[in-house]
Ligand code: GBH
């Protein structure tokens, strides 16, 4: 009787993102994105890897969907590449770009898999970046137009729509510490980007709702922020600061409370907040039906100077020390701590009640080998470390549900090994191995294990 069952109708699936898997970056009228530019900038991505070919999913999508069906997936979360739909980010839509997602959606439905759309997973059209990108208010307005264009083609078949994936990354890694595209390093730009991303979400949400979308939301990567020392007042202050810049800066305005005062004060020390206009908070607070939660690892902070990390949060240098990860780590160097996911879900459930949650990403990178990279191999990828990671985190989700948190589903990151942004192809998150020399797919042991979990609706 040690079995754990998930609620009836619990959603099970896997997630990917356009630039990480599609390839075909020059095909069918796609315009360049900031990741095409960034990955070609020397020193930005591991060994100069790019998404030019990636998993060649653009051409292999039908086989990939057939494989998803074999793996028993019920839902597939993918992102639409804005530069395929509007090569310059504005103006007339490119029908051939929409055709791809049209075919993908039909193929998914034909296999009984529910399509779950992310409208923006970081591949901003380069032309919009040339005009300021997310530091510019116009990008938010253009995003709403783009959202409506995609809805116009897919809205008759796709039920679940999310606007942004992890605006924290877009703003802080893209404009704050320069680890992601477009690679800017400017605290003020990062905060402007936060606001315009949220505004873009709000404007798109309003437009999609007006057009009749039933299930609408966005995905954040909220952080479980813990003090190094639970009895230290300085550490508690550090938690409050990081929680403000990571969690409350998004969740408070999204749920109608506006930006928190302490966060606004912090922002105002870096940039004159002239970009905040009357009425913006009301737009951002457009009701949502679903909050996607991506969780990988907790953060431990101390209220003192020191340590190497921390620079991703503008204005925390010398004030907050991010503790180096300890204990079991994934290949990314991230701490494995499933309890952090339970804490995070309980916290969101308590502080933002009434918001249905879904785990839209969770998973780990581990050094898996197969195919041509593993000539002596058995043809199986025994990724027991990934199975343990996923098992532990599913138990953590179950615990949160048992304690009353409204969690509607779980999507593993990722279906396929793929282009892991600044890490290129060297980090593998897939439950399916991809041999980049041959594009051969090999389901790992974790994929077989996951199929069992889904079919039993439990562990
Ligand atoms: C997600 O980003 C993305 O949505 C997805 O595209 C990506 O492939 C996947 O996760 C895996 O990376 O540096 O130790 O302090 C997650 C990005 C991960 C960024 C955790 C902040 C902090 C860990 N986040 N990271 S650490």
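The backbone N, Cα and C atoms fix where each Cβ goes, and this holds for glycine too.
No curator has checked TrEMBL annotations; they are predicted automatically.
Remember, it's a predicted structure, so these values are computed and weren't measured experimentally.
According to TrEMBL, the features are:
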type	residues	note
ACT_SITE	166	active site, proton donor
ACT_SITE	361	active site, nucleophile
BINDING	20, 121, 165, 296, 413, 420, 421	substrate binding site
Whole-number Å only: compute the distance from the Cα of residue 361 (active site, nucleophile) to the Cα of residue 166 (active site, proton donor).
10
Return the count of C-beta atoms lying within 10 angstroms of the C-beta of the residue listed as 'active site, nucleophile', excluding that atom itself.
24
Using a 10 Å radius around its CB, how many other CB atoms surround the residue listed as 'active site, proton donor'?
24
List of residues, in chain order, with Cβ under 8 A from that of residue 296 (substrate binding site) and at least 6 apart:
221, 330, 332, 334, 361, 362, 363, 364
Give me the Cα-Cα distance between residue 121 (substrate binding site) and the residue listed as 'active site, proton donor', rounded to a whole Å.
8
Reduced DSSP assignment, residue 20 (substrate binding site):
helix
Could you find out if DSSP has residue 420 (substrate binding site) as helix, strand or coil?
coil
Check: same-chain CB within 8 A of substrate site center, minus 20, 121, 165, 296, 413, 420, 421:
17, 166, 361, 414, 418, 429
Across the listed substrate-binding residues, 20, 121, 165, 296, 413, 420, 421, what is the farthest Cα to Cα distance, given in whole Å?
18
